[in-house]
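Since the structure comes first, as structure tokens, the remarks are kept for the end.
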């Protein structure tokens, strides 16, 4: 080995070690290269995120049936941990509408201890799934399903925010209930909130396009203008919240409050302690097992939905580089597990906040640290000031963040190109809207999986008639994919049919197994049955191009003597050339398995056969010895 | 076309028409060839079956919470219909333990109208599934799962029959409860029943082997002996029931009844009428919708389980010829639908009776007609005589019918050859035993499916370095299976890695898509992303051997311009030969899609390449024009 090669190899090892660490803590990958530009972008995004997170978390805590401070308790640790272990910069871990609704469902009529323990247990399950590398499970969410899910979530969020935008106040169970109640309350719409909200949306949409403005000259002054526009564009959410709060504050001081405000938030950081494993609800003591049985399927549903949500967000935002789903599971697990020590409810990546981060020009997960610090500051000192954020402005921020995520065009494109994908997408969308998002995702995934299973059950079979000489022909039958149990009956019936059709000219049938990735017991028994049937009718059925793995499995699960196995098609030709039709059927097949895996297929096309026969090396010399 | 060819073609059409009819009514296939031998065999099997069916159906009716006559009402129509529409001769449609247990579960605390309507609704669902050709669903039950299910069912049946064999009487909930109660009741074991039962089992096992006795000489007398032995062997079950009943009858006449008897059965055929769509339970009137909501998931579970049971039996007994699962569904649907008109409870193929039929030498489904007539006769006239059948003899018949279905050896074999199959089999067995048979089947099926899904998510990728000349090389990357959403991230990451590793020598990467059966939106977006990434790094990524279907889908769902597509590897070689490394990257790919599907792959091995290059016809002449 030359010196260069050695040093290159050492470099490779070093590189691999780094890749290994950065696989578990992606911060190692981006922190050494962290630039000023990224720092500023992250600070802006982080503050915007924090300003979105604080009122959101209060709202979601109420939705989960908890008091306001639990929302804020759930908001900071996720950001800190995700900055270290997270791989998709846009994801903001914290309370979400999805988690809030599910927490409500599984802890209804209990106390906060149940929600905190649910976070703890969900964290354990998530971390375990990550350790077991079950991340591949999320590969089964296809893009069309993700698109349907995204659009549906966006619609749900928009509808849920219309209430705040119009200054209305009511409780609602689901999307349809929301819409009905909005219509019923149209009389109570507050003009001030509506005007402020709608104009905020319009301003935000204008500001969004600011960074796209093109200029012709490019002096220094011009550069400053472009930078300022970019700043206004990415910082638009934070800016609008600050400005509107300041205006409201002065109006409030002047004795006027034309808008619905976010209201008071209880101060103080949570204490760090283990979640309570026993608790008392209405004079009844619940042991750990009682709580677990009360939470029931929630201990599995919450982790699954939160991982699905995280990965769905990751699939929308992660471009090129990809992400590791198992790592996301482990990170989510840590966030929930450690979060439960600071009285957090179950948390996961929020679609709304991810959209805000993205729109704010986030560069690394560092933004989560800024938003986390902001939440902690809010809990400690700032609570009186957040009082003045108008609710309608927050609704406007959320609506303008998600409105562009509704993708109608993809459905048109899918419908033209792949009906199956289109149906998966539309189905996911409507089930998400009508039932709930978990059901929608599930329907989409199951629909997609059914097609994959159908493919394994109904492989394509390529049948080619090959000519060796004018008299000597054989039928080559090549099933694609492997041969596993769902496909066996189909292939066996198909080959039987072919044999029936060609019974008159007694043509040998050669099953080309080169595409078999594996074989199972059901398949072997099916092939043995087929072989027996066809041989009893004095027709030839040979198997060629089996790889060593398949041959081994056949040897262990069945009997190689029941199948007539040849090495490859050149052996078939050799036998056909040396025997007449009578003796071919009685040809004895050697009992030994092929010594080595056949490295590459050699297909004999009608034209090529002649030339192949003249090349002596292509016909296995052993064949002659065997048949003599 | 010659006259011969014409007449042959007409013959084929005629044959196909017959196949078409016999597909829906398999009786057309076997009735014209029905022989005397088959008739005698079927009569013997049918009578044996009837004698097994009558006491069984009474027991199962009790198990379902119905009075005895409903069992008999469920026993005859299935046999008649299955004789016409059934495809597996061994299957005996009627009340089964499985259906009885499920009926009990879904109609607990109601009246027989519920059970009859459940049969009606289940029949509708089954028939619909058959019409929609959903039979392929049952391809997903592999042989190892069937083996586990069969063994478990046999164990359950044997344990349930020990009670009868020992002359014990108690109610039990499940297998474990059965065993506990047998141990508790050991004091109450009746000597007479136990002796009769055990000796019956021994006699049956001896009689079973009678037909295997070999003789050396072969005169006429010898032939008669052989025929007699065969008769005793296949008719052993009917024979033993008759003899024991006659003995019991005389003992009873003499004032002695040492055995537990089957007891009285209510006489009279049921009236033919539609099931009651409204009914009254405890002064409360249930409308059709009320009944449906009470039956709930039973309307889906009963059809699924009954089809699964039928197919599992069919897979055990149908050899060679195969069976059509959709036809089984339609037949089962008819049996339940029309059965409900004669007050039948839900019915399906019974494993025990199928084993009895098989052991009795059944030849065609005609036996069902005999057993059906026997049940009708029993209802009309024979009920007093069935009174004398000792229960222990029936238990002995059932035990010796299923004892050979327990297959331990397959597990050993599977464990050596395929751990996955072994786990599926063992898992199915234990879940069947511990929970229930539906759960066991489900666990086995899901476990098997998970592996298939894993295969679609993690395709094998074959990477080969091909040499054109000493300087000109390229990497051929060939993923197996198709490219569908679960595999995309995996393949994209894999090819990215390969590209990273070979970035230094800037070797073109050629993705061979010949094994792609199809492509979906997720896959296309993944490939476009990959292509963009690699081309931005000034590496070459080309796709070859795409079939027209895949190309079409890419054109509709993505942009062909984003992917650099060549016809086959000969085009790759042509481009490599004509360009230096600089101009290759800037090579413009034509925007048109290949005019026709590539008929067959042409793989260029390092050795073959030289000769291929000399053959001018293999290099597409168009390539030169394009690149100029």
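Here the Cβ of each residue, glycine as well, is placed from N, Cα and C on the backbone.
On a predicted model such as this, the values are computed, not experimentally measured, just so you know.
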### Summary
Range annotated transmembrane segment in TrEMBL (choices A:368-387, A:468-487, A:488-507, A:508-527) is A:368-387
## Note on the structure
Which range of A:7-38, A:263-294, A:423-454 is transmembrane segment in TrEMBL? It is A:423-454
## Note on the structure
Comparing A:80-102, A:295-317, A:368-387, A:423-454 for Cβ pairs under 8 Å with the transmembrane segment (A:149-170), the winner is A:423-454
### Query
What same-chain residues lie close to the transmembrane segment (A:295-317): Cβ under 8 Å, and 6 or more beyond its ends?
87-91, 96, 98-99, 102-103, 105-107, 114, 117-118, 121-122, 125-126, 129, 138, 141, 143, 146, 149-150, 323, 325, 328-329, 332-333, 336, 346-349, 351, 354, 358, 405, 437-438, 441
### Task
Give residue numbers and ranges for long-range contacts of the transmembrane segment (A:393-411): same chain, 6 or more residues beyond its ends, CB-CB under 8 A.
52, 55-56, 144, 147, 150-151, 153-155, 157-158, 161-165, 196-198, 200-201, 204-205, 208, 237, 240-241, 244-245, 262, 316, 351-352, 355-356, 359, 422, 425-426
### Query
Out of A:80-102, A:337-356, A:423-454, which stretch touches the transmembrane segment (A:368-387) the most, going by CB pairs under 8 Å?
A:80-102
### Query
Do the transmembrane segment (A:39-60) and the transmembrane segment (A:230-251) come together with 3 or more C-beta pairs under 8 Å, pairs six or more apart in sequence?
yes
## Note on the structure
Counted with DSSP (H/G/I as helix, E/B as strand, rest coil), the domain 'STAS' (A:483-576) has 54 helix, 12 strand, 28 coil
### Summary
If one takes Cβ-Cβ under 8 Å and requires six or more residues beyond its ends, the residues near the transmembrane segment (A:337-356) are 48-49, 52-53, 56, 61, 64, 66, 70-71, 73-74, 76-78, 81, 88, 90-100, 102-103, 112, 115-120, 122-124, 127, 150, 153-154, 157, 237, 270-275, 302, 305-307, 309-310, 312-314, 316-317, 397-398, 401-402, 405
### Summary
Same-chain residues at least 6 beyond the ends of the transmembrane segment (A:80-102) with CB under 8 Å of its CB atoms are 24-27, 49, 53, 56-57, 60-61, 63-64, 71, 74, 156-157, 160, 298, 301-302, 305-306, 309-310, 313-314, 317-318, 323-324, 327-328, 330-332, 334-335, 338, 345-354, 356-358, 362-369, 371-372, 436-438
### Local confidence of the prediction over the domain 'STAS' (A:483-576), expressed as mean pLDDT
83
